[in-house]
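Pulled from Swiss-Prot, these are the features on record:
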type	residues	note
SIGNAL	1-20	signal peptide
CARBOHYD	49	N-linked glycosylation site
DOMAIN	103-263	domain 'F5/8 type C'
DISULFID	105-263	disulfide bond
CARBOHYD	200	N-linked glycosylation site
CARBOHYD	210	N-linked glycosylation site
DOMAIN	287-610	domain 'Peptidase M14'
CARBOHYD	307	N-linked glycosylation site
BINDING	349, 352, 487	Zn(2+) binding site
CARBOHYD	461	N-linked glycosylation site
């Protein structure tokens, strides 16, 4: 967000600020624009620009610079990407702007859904799926056009005066508009210029005009996806705002996705205005943190709570930024026997910023509440070792942060600096397991757990991001039991498998052997998340996950080969789900207090699930030392876990009666019944293993034949019996 504010401040002399703004021989009109019948601006003859590739947009902008230099009467267009309003019929006039601008107004809430469907109206719509309620910034369409979930508001073709209207419910100070075109894989629809109207009663309207009294035509989009911001030359106090498309892409339709920037104004009838502000008793830091600010905040938490925190790095990004982790425990830096390890990972996709801020808020909250003596937090930190990785992809985040919350779009910053999607970059162990299962090799020949990395994945020329390798080494170094991967752009919890078992299937229900546990974990988070439990909320984009409790099998949503969830399950002991936290990938700072309240209890409750099921220590019966890498198998579940280096283990299970087996190389297998109840805390299930005669003999031979006296006498008696 600060990237947006800095950009707007820097461009304050300009009326508008937009990335990928259109360029044409007539100011403000995109190449190939179609004029609305009532427009008084002549149609340009420039060939349509039908691509949104960045290098093409930059080339067009450079052309615009050349044109502007030739037109001496026009003001300099400003920095790259600056969108400027157009004054029809008076191209030589210069628009004089007031010195005071209001770039800091937050979004009204079309993208975050704070603006309800009932607050959006339009002059017409091509279909219900293209209605006014779909005119929200960054809204995504379904795979098929023409259904109930298309990717924009689109007016009817015969509508000669189309408009999209937003009701703010109360008077606000409108300061700017962000627009996009239609999200579709089949259509090319976007508005290239528009006018703006305001009203207090939806009956009497006035337009945004320049100092000479002429209507301002704002330049809009030159592609469907790049957000373009236009600031009003003079902020307007009103309740309603209308966007009136004037021109649109040639051969397309007037289609819009939008966000409105507006500042609240004082209401003389509101006696308690402070009651509408969501505060925090813990003085938490509700703002977006770039790399430097994140590091500073983590250091402050560590200094406030040095006895329960430790900061460490698991590696570096491609750009050299460290992947910092905050460890929180009563004995930081130490694995305590019998204490489970749990992690939260955020920022795998750099533009999905909410998870990063929630983890920074969580570490502040845990520190404050521990110092305050909160019993729930105290117990959590004394019985669990927590690891928080707020930014797995810091390079991508810095890109998104620089663009700002409203201009980052849907995908910019998602990938690493190398262009790698980290959630498709882990080794595909699913195919390896499923082929072995089809050949009847599991579990006798091929294990059903801790599958090794494929050879191709470790080759020097393998396309594996340094961020991915850092997390893999982290997974192998610490015996994690439970994890959640925090994403954004939806409101749902997805669980493994993420990859479909049928090759090339786009989606297919593909459960793990631990499907009951994963559904439990997912339901726990979804059931304690306030936004997911809001029965009145509308779907974010094209699927209504509330019909199924806001949880879904990942592969049944869309296949994701090489996901971190699947890799964690098949390569380590750790069970991991993906939490999609919000419809808005990069919510404005104004939204952070509410998002924290939506997720606070869910984050804590999910951490507490690490103590469900059974736990224990597998020891050598003679020495009583823990046995590392012993295999814990549960009858009826074709997925095993192993013990840590001290012999301790944790096996997540839902309530029920289980037959559990412990085995280790050189030891007799031991089996026992373990009953998991709904009582709080794990059920202890310890094992004592006895070495096999073969193992004893191997150890004796290792002592160069020097047998103990008792064993020597037994051997002599056996020889005498012969």
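Note: Cβ is positioned from N, Cα and C throughout, glycine not excepted.
Checked against residue 352 (Zn(2+) binding site) by C-alpha proximity, the glycosylation sites 200, 307, 461 yield 461 as the nearest. Annotation for residue 200 (N-linked glycosylation site): spatial neighbours 171, 238, 239, 240, criterion Cβ-Cβ under 8 Å with sequence separation of six or more.
Ranking the glycosylation sites 210, 307 by how many other Cβ atoms lie within 10 angstroms of each Cβ puts 307 at the bottom. Figure note: comparing Cβ neighbours within 10 Å for the disulfide-bonded residues 105, 263, the maximum is reached by 105.
Model confidence over the domain 'F5/8 type C' (103-263) is summarised by a mean pLDDT of 94.
With respect to their backbone Cα atoms, residue 263 (disulfide bond) and residue 210 (N-linked glycosylation site) stand 21 Å from each other. The shortest Cα-Cα distance between residue 210 (N-linked glycosylation site) and any of the recorded positions 105, 307, 349, 461 is the one to 105. For residue 487 (Zn(2+) binding site), the nearest of the recorded positions by C-alpha distance turns out to be 105; the candidates were 105, 307, 461.
Distances between the Cα of residue 349 (Zn(2+) binding site) and those of the recorded positions 105, 307, 461 are shortest for 461.
Annotated pair residue 105 (disulfide bond) and residue 307 (N-linked glycosylation site), C-alpha to C-alpha distance, rounded: 41 Å.
A distance of 43 Å separates the Cα atom of residue 307 (N-linked glycosylation site) from that of residue 461 (N-linked glycosylation site). Annotation for residue 461 (N-linked glycosylation site): no same-chain Cβ neighbours under 8 Å separated by at least 6 residues are found.
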